[in-house]
Structure formats: structure tokens, C-alpha cells
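The next block holds one structure in the form of C-alpha cells; read it before the comments.
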Amino acid sequence: NGILERLNAGEVVIGDGGFVFALEKRGYVKAGPWTPEAAAEYPEAVRQLHREFLRAGANVMQTFTFYASDDKLENRGNKLSFTGAQINEAACDLARQVANEGDALVAGGVCQTPSYLSCKSEADVKAIFKKQLDVFVKKNVDFLIAEYFEHVEEAVWAVEVLKETGKPVAACLCIGPEGDMHGVSPGECAVRLVKAGAQIVGVNCHFDPMTCVKAVKMMKEGVEKAGLKAHYMVQPLAYHTPDCNCQGFIDLPEFPFGLEPRILTRWDMHKYAREAYNVGIRFIGGCCGFEPYHIRAVAEELAAERGIMPAGSEKHGMWGAGLEMHTKPWVRARARRDYWENLKPASGRPLCPSLANPDGWGVTKGHADLMQQKEATSKDQLKQLFDRSKSH
């Protein structure tokens with residue numbers, strides 16, 4: 001069945017995790033541009049990560065096409081030997097190959113563009129989406145996702161282009177309960193996306209699971225109040241973000257190389273999956289920071305509802321049951337659910353604060369600082385930024 005048939009039947013659909021972060025840690029993606037040329041450069045690395053998420057229980061293989069628009073691939077001196085079309089075609093082939101190894105669907109994805117931030121016209125931005133879409137149509141992906149949009153206006157433009165294919169369209173904003181970067185509430189954002197043609201709406205990235213679930217709940221309330229219907233999805237960070245402002249984790253001083261102390265445990269993921277299910281979300285996955293074991297925890301928590309355990313659970317005892325085989329008695333004593341549900345993990349970092357002071361530069365689309373360029377960032381431009389950061 002397709003994505004809408006599964007959701008209409010009340011099935012729980014589990015997405016995969018955050019490819020750019022996972023592959024950056026593995027040495028295949030450069031932090032900064034976060035572009036997905038690895039799909040063409042190192043296909044085996046991308047294929048293996050797809051397989052790990054499939055084994056963990058994901059039944060959506062999202063193409064590794066994040067930030068694969070030509071304007072992003074060429075932004076700030078990022079020179080590649082592959083075109084966006086070549087990267088996207090390779091990504092579609094890899095996702096399809098692994099999806100066919102299980103009961104999984106392939107989702108082609110587009111995301112926000114430097115062109116929008118630089119105030120290009122609606123026609124210019126839509127042309128970028130259309131160029132990416134041509135590959136997804138050619139490769140016959142099962143459905144489409146417009147994700148990681150900070151501004152609902154750009155997300156609506158993306159949905160309007162994607163729906164022209166006749167394929168199911170999902171749309172995710174990277175927002176929290178405060179709404180998009182121009183202050184449009186989650187409920188209003190969702191209404192605009194549904195009216196534009198999205199059959200599935202939700203949020204991804206930028207915030208921790210419980211914050212994202214709260215935002216999607218607000219979306220659901222807005223859609224229902226407007227007398228509309230939709231399915232709901234959530235693909236959050238795997239990091240705790242209680243101290244974030246409306247911009248999310250990219251404002252945290254630890255972004256992107258010092259986030260490990262914030263990582264959620266697999267047991268946190270059980271709580272997330274249950275909370276998402278309880279508010280009516282049926283497409284549940286992950287974004288940056290999510291590794292396959294996180295998705296496995298989601299799949300295990302919802303195994304009864306789905307009627308299946310993930311293949312990866314053959315190497316994982318539920319709630320620590322495998323520890324019954326440990327040689328040390330105090331570790332064997334941890335082979336129980338109440339131990340892990342009530343654990344408060346220590347960071348082991350004596351001088352570190354529990355919360356951070358996020359950067360708050362207050363710039364978004366339309367601000368001169370967000371005008372993008374093909375040329376590499378100059379040393380003078382960097383000096384200005386370094387000097388400015390010291391004043392915040």
C-alpha cells in the first residue's frame with residue numbers, strides 16, 4: 001500500500017533518521033554546507049545507512065536529497081563535481097534498492113533554499129523545486145516530502161509545485177510552538193499547507209521530540225478548527241533543546257560539534273513514540289542526531305500497534321533484558337524496565353551548565369545578513385561575524 005492507504009487504515013508509519021548528521025560523523029558529509037553529494041560519491045555509505053534504518057524498523061526510505069538544489073550546492077564557494085540532478089538520481093536509486101529489501105516506501109524530499117532567504121521571486125524559487133521534482137518523477141518515488149522550512153510561505157510554494165505530480169505530498173516545517181520565523185502560528189501554518197495541497201503535515205528538525213510533538217498537536221488543532229482534514233507526521237531532533245528560542249538548535253552554542261551531551265537515550269525515544277501516538281500522529285520518525293537504535297526504540301515501543309517487531313530487535317532485549325546474561329551482578333540487576341524508565345543520566349562534565357544561552361541575532365528572510373552568494377565567505381566577512389559574535 002502507498003503512504004495514504006497506510007495512514008488511512010490507521011497504520012503507524014515509521015520514518016528513518018538524520019542522514020546529514022549521521023554521515024558527517026562517519027566522514028562522508030561536510031558540516032557547514034550539509035549537502036548530500038555522498039549519494040554519488042560514496043553510495044555504499046548511504047546504502048548501508050538506509051539498510052540500518054530499515055533493519056531498525058523504518059518503513060519509509062527518504063532519499064538523501066537534503067539541500068540538493070543547485071543554488072545550495074553552489075552556495076558560498078561550495079564547488080562540487082556532481083550536479084543536483086546526478087546527486088538526486090543516485091539518491092533515488094539507493095533508497096529504492098533498500099526499500100525493495102523490505103516493506104518500505106521511497107519518499108523524495110526537497111527543502112528550503114538560499115534563493116528564498118535572498119528574497120528571490122516566487123517564480124525563481126518554484127523553478128528550483130521543479131528542477132528537483134523532475135528527477136523524483138523520473139525515478140517514480142512513492143510520495144514527496146517538503147521538509148525543513150522555516151517560513152510557511154516558502155513551504156506553501158513547495159507544496160504547490162509538488163502536488164502537480166499527483167503524488168501524495170507531506171509538508172514539514174522546522175518550527176516549534178512559537179511558529180515560523182515570521183510568527184505564523186503552528187495551527188495557521190498547517191491550515192495554509194493543507195489548503196495548498198499537502199495531505200500530511202507536521203514538523204521536523206530544530207527541536208527535541210516533545211517540543212515537536214507539542215507543535216504538531218497545535219497544527220492538528222488548527223486544521224480541525226478550520227474544518228479541514230490531514231494526516232500528521234513528526235521527525236524531531238535526537239537532542240534535548242529546552243533552552244532553545246524560536247530558531248531552534250542552530251542557535252545553541254554547541255551546534256553542531258558539541259551536541260553529544262544532549263543526545264536522547266533509547267528510553268527517551270520510547271516516551272517520545274508513545275506521546276506522538278497518543279496525540280494522533282501516525283507518521284513518526286527522526287531527523288538530526290537520530291541513529292538507527294533510536295528508530296529501533298520507536299519501533300519497539302509501537303510494536304503492538306504495528307503488529308511487528310523490527311529485525312534489529314533480535315540483537316536487543318526489550319528494556320535491557322539482554323543484561324540478564326552479563327557477567328557482573330550489578331549490571332544484571334539493571335535488566336528491568338523500571339530501572340531504565342527512571343534513570344536520570346549524568347553528563348560526567350563537572351564544569352558544564354545544564355542549559356545554554358542561545359545566540360539571538362534576530363535575523364531571518366529579508367535581512368541583509370542572510371543574502372547568500374556563490375563566492376566563498378571572505379576573511380573580511382568572517383572577521384565581521386567573529387567580532388559581532390563577541391558582542392552577543
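Along the chain as shown, residues are numbered 1 onward.
Every residue gets a Cβ built from N, Cα and C, even glycine.
Pulled from TrEMBL, these are the features on record:
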- 1-302: domain 'Hcy-binding' (DOMAIN)
- C205, C287, C288: Zn(2+) binding site (BINDING)
For C288 (Zn(2+) binding site), the number of other Cβ atoms found within 10 Å of its own Cβ: 28
Nonlocal residues around C287 (Zn(2+) binding site), in sequence order (Cβ under 8 Å, 6 or more apart): G17, G18, N204, C205, Q235, P236, L237, A238
Segment confidence, the domain 'Hcy-binding' (1-302), expressed as mean pLDDT: 96
Number of Cβ atoms other than its own within 10 Å, given for C205 (Zn(2+) binding site): 28
